[in-house]
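Enquirer: Okay, handing you the structure first.
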Amino acid sequence: MPEPTKKDDGQPEENVAPVSGDAPSENSVEITPKEAKVATKDTEVIVTVTEPEAAAAEAPQPQPIIIVVTEIEPVEGEVTDTRPIVTEPVENGHNEPEPTRAEKLVEVTEVKEEEPSTSKVPDKDDDVTASTPSPPPPAENGSTPKKLSIDLPNDSDPESTRGRKDSVWSLGDGQAPEDIDKQIDSPPLSTLLIEKPQGGSITVGGDISFVAKVEAKDLLRKPTIKWFKGKWMDLASKTGKHLQLKESFDRFSKIHTFEMHIIKAKENYAGNYRCEVTYKDKFDSCSFDLEVKEIPEGSQSIDIRSAFKRSSEGQDDAGELDFSGLLKHREHKPEETPDVDVWDILKNARPDEYEKIAFTYGITDLRGLLKRLKKTKKEEKKSEAFAKRLDPAYQADKGGKIRLIVDLADPTVELKWYKNGQEIRPTPKYIFEHKGTQRIMVINNCQMSDDAAYSVTAGEEKCTTELFVKELPVNILKELEPVKTTVNERIELECEVSEEGAKVKWMKNGVEVPTGVRSRYRVKSEGTKHWLIIDDASKDDTGTYSLMATGGTSQAHVQVDLKPLKILMDLQSATVLLGQPLKLNCEIYPGNVPGRWYKNGQLVQPNDRINILHKTKNHNLDIESCTIHDAGDYTFVPEGYTQSLSAKVHIIDPPRVHLEALNVQDNTVTIVAGNKLRLEIPISGEPAPRVVWMKGERVILDTGSRVRAETFTDHTCLTIDVTEREDTGNYKIVLQNEAGEDTACVKVKVVDIPDPPEAPLVTDVGGDWCTMTWEPPRYDGGSPILGYFIERKKKQSSRWMRLNFDLCKETTFEPKKMIEGVPYEVRIFAVNAIGVSKPSEPSKSFIPLAVTSEPTMLVVDDVTDNTVTMKWRPPDTIGAAGLDGYQIEYCIEGTDEWIPANKELTEKTRYTITGLPVEAKILVRVKAINAAGASAPRNTQHSILVKEVIEPPKIRIPRHLKQTYIRKVGEVVNLVVPFVGKPRPKVNWLKEGQPVEQSISIRNSDCDSIMFIRKAERKHSGKYELSVQVENHIDTAMLDIQIVDLPGPPQAVKIEEVWGNNVALDWSPPKDSGNAPITGYTIQKADKKTMEWYTCVEHYHRTCITISDLVVGNEYFFRIYSENMVGLSESATATKDSALIVKEGLQLKNPQYNDRDFTEPPTFTQPLINTFAIAGYNATLNCSVRANPRPKVIWMKNKIPIIDDPRYRMFSNQGVCTLEIRKPSPFDGGVYICKAVNDLGEAQVDCKLEVKGGFTFFELMKRGVPLHLIDKYMNESKTSEKSESEKKGSN
């Protein structure tokens, strides 16, 4: 097949397999390409396939888009369509997969067939939706709906289908029409759509709605949705009285709902629709089908072929939902194909060869061709009007002529010809001829618009055919020629093709050449010649250019080189005075070559001071005002050339003293006495000037000890190591060089810092602040006081911390952010223009204190008929003053009087207010009290009704008490059973229906009951019943306690037989098993000579054994200990007689024994027990079975065998069978069966597993569980809870 044509949005067009129409009893469905794997699972979709008659297409009238934002119920449509189900390819050629959810099942409910209803014949003026080719007409024996069962899997796409390139979705090598009964793959799970529109079926004139829902939980804005019919017809432009698009948003569920309503549907509305949703880089789409059934009553004389029109040019129904005219031309193979009948080839070919045949012979509409091919296989009913009908299809070359011939049985009958349902009138293009009973229509100069469905009517009968127009490939007659030129020249590439007005494509290095308005490339065509023009060539235009036509490709290489460089005027070196403009210029050829300027190897960039100009041959570098840094070597480098132009620039400058750098008023420098003065003054001059410092008539030398002058490259410096009052005066600076002279004066003033202020006074103290005042210092140091610095420290610390970094202008200050309960001291510094004074004396110490914050989380703990118990949490902030206690107050609702509930402060965070009137409503508040006072109160938000609330009792049995509680004799038994209920429930313990013994201590509280046995005895074993009662409400629970002890010794240990070096022993189990099963025996032997006992066998399970490997000639005694879960019995039972092992040479006649038959059918020694599991935590089911030979163990859930399920693990060891359920969910609950089978029989045990702590309805919906499974789970949960409550009530 040729490459699929592309839509504007980049999605490929697909070819669709035809509808099977061989016989009424068979319908075929063609689905995805061969890459899609078939994977079916549990659920089933029932699709009703009917064959309705097609109706004539109607002309649309554009209407405004109606958008109504409402909350609506989703509408489910019936899926009925005769056309194949086609998976829509999306961007990048594959559907986006959604993460696989193993537990998710997809199920489509039963489809109901609607009752046919009558409706009026559609008017031509009605608006319609976009239409694709309509389904084929029904068979002559009537249309009977057929149902096709398709299993849809819930898995996502397999790995093989991900990331593949765009492909054409057609028959190809995929399913043949006869393989339609095979299972069908489903599209991948959606990434945006949580509810997809479903296909439906309606009668003519009926209404239907399609609903799509998008969850907006993770979306920042509304997604974009588009509705299409067919492949690219956007339905937004077709809205009107027959089509409405609506959208709404539910703020609670965060779901966008998009609806498409089709009103008063017509027959040509049937077809395939698509819904596309985009959000940023996310994309999702869904295809669905609409079938429009014709009203059975009354036949309508409408041409069935009108639904298969190919173009709407010049027809009355232009604007209908027909988009085949928008198809782009596909490229064909350039080689010429022989003139053959493609129709006959397709009839005799296999389905997997259709694509190859269509590609070979230039067939562009394979879908329509295959549809008509299948329809031709039907046996046509013998016509009374036509002696010879039209052939099923005809083929003609573009520009050729075709003759359509029918033979009439009755030459007098009136004959009419139709094209796409529109009657054809005689024109020079359409010529009608009569030859006897033959009626001929000749179509001259066939064009692509003539590729359509044609029909002819004779009275009440009609026969149809299809005309396929084959477009010839465009061949290249004159090849492109290589071009070699230089920059700025004009390039023309010329090529000649075989057809005028043919569409061609220009490429450069394999990429299509842009030919827009602002493009450098111009494309021109005249007749069969085509040109690509580049007016101003550049070096980037070098490359391989090609012209692509449907019949071939021509290419040529274009080389663009630079022109040789000529220097017309070189750069000239220059000497410029500092601050004067600098101009550098040169002339080169060619003049349009740009270049770059460099200074000392660094690129020069233009700015406000530097201007770079290029005008034809001239290149100028202009500097408005030169600086010292502008001196250097300048180079101009033409772009693209290796040659460069260079020149040197020198800058000269008279000397100058820059006193403005001192940034002092009147050039006066003030210095504190005793400090070092280093006065640096910038100077400039080229070459460097000579500097002289003078005070009065005295020259200051650079060799002075205390006062000296130094000169550097860019500044001069006056240094006075220790300033004195005598250093005050005017200092003169003299600069000289060959370019001139400059002088300047600097005044030095020596001053001092102010005296420290007096000690400050602290006038007020808060929780973390205080207020302080002070007096100004007595002496300001000869300069006005500018402000003050304040410092503080903890009394026990020596570290002072400054409180203000901006000077305080006033003589008061308020320090903040102090720690409560910590004593502090403060001091002051005075600041003048000279500096900071010494600190003042510290103030007297003071301690900040503050009240606490309000209590938190005030709630009601308990309410009775005359008391209210409140509890709260301590304040978030208590402070250094601590917390003395709480004051509780209450107020009767309707009054303003707050009554203290406690006379003395309480330190607890729980208090019971007593003496309250019955059924009164009160408000409560709590205050925190400390040394600083009472905090802000914490009030209850609502009034409290003084009336006790009855809460039914509920016993919450701990998990370890739900099974048998086992303890050894003498151990402590301490069982705590919590419960809830109000008022305080009455608790009662019973053992086997009788009150418990006095030796068992029972302690009850408001929330639990404790059974305590200091030293457990065997008699304490049994079933205990705990009952909790509140008035008429009661709840009970059963506890099974088992006290175990050491077993007694075995009975009747005797020596059965002695032979060789073997002794056979036999014994009976002990009378006392210790209230626990006997787990084994320990057998010991002792030589009669030494009587030292040695262990022969441990943990032996049987009551008979043979001891081997005894020493010949010795005489042995044997004893046996019994063992249970507690340990070995305290004593052992020994044999009364000894066993003598006879020496060699003695003959022992062995008695004859019959072999014991150990085979037995399976028997469960420990059954399964009903178990409760917690969702998300592993659960195990255990049982034990005895059988010989070893049985086969089968586990079943709800009578269904568990086979190869990764959520289950099965173990079998020494007869103990275990089933482990990994992280069970509510769906894992049910009846589990363990079945053991061997040759002698079978046995089984079962139990019920209930999973607690499951998911809510919302969580199940969020996880994507189908609604019917959610309903089933919720009903089972309610049933189990109800049965448990009834069981407890009966007890």
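Quick reminder: no glycine exception, Cβ is built from N, Cα and C everywhere.
TrEMBL lists 1-40, 75-187 with the feature region 'Disordered'. The compositional bias 'Basic and acidic residues' feature in TrEMBL is assigned to 1-10, 91-123. Taken from TrEMBL, the feature domain 'Ig-like' covers 473-559, 564-646, 655-749, 953-1042, 1162-1250. As annotated by TrEMBL, domain 'Fibronectin type-III' applies to 756-855, 856-949, 1049-1145.
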Enquirer: Which range wins on Cβ pairs under 8 Å with the domain 'Ig-like' (655-749): 473-559, 564-646, 953-1042, 1049-1145, 1162-1250?
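Expert: Maximum Cβ contact count belongs to 564-646.
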Enquirer: Kindly report the helix/strand/coil residue split of the domain 'Fibronectin type-III' (1049-1145) according to DSSP, in that order.
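Expert: Tallying H, G and I as helix, E and B as strand, the rest coil: 0 helix, 53 strand, 44 coil.
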Enquirer: When DSSP states are grouped into helix, strand and coil, how many residues of the domain 'Ig-like' (655-749) land in each?
Expert: 10 helix, 57 strand, 28 coil
Enquirer: DSSP says what for the domain 'Fibronectin type-III' (756-855): how many helix, strand, coil residues?
Expert: 0 helix, 35 strand, 65 coil
Enquirer: On the 0 to 100 pLDDT scale, where does the domain 'Fibronectin type-III' (856-949) sit on average?
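Expert: That region's mean pLDDT is 89.
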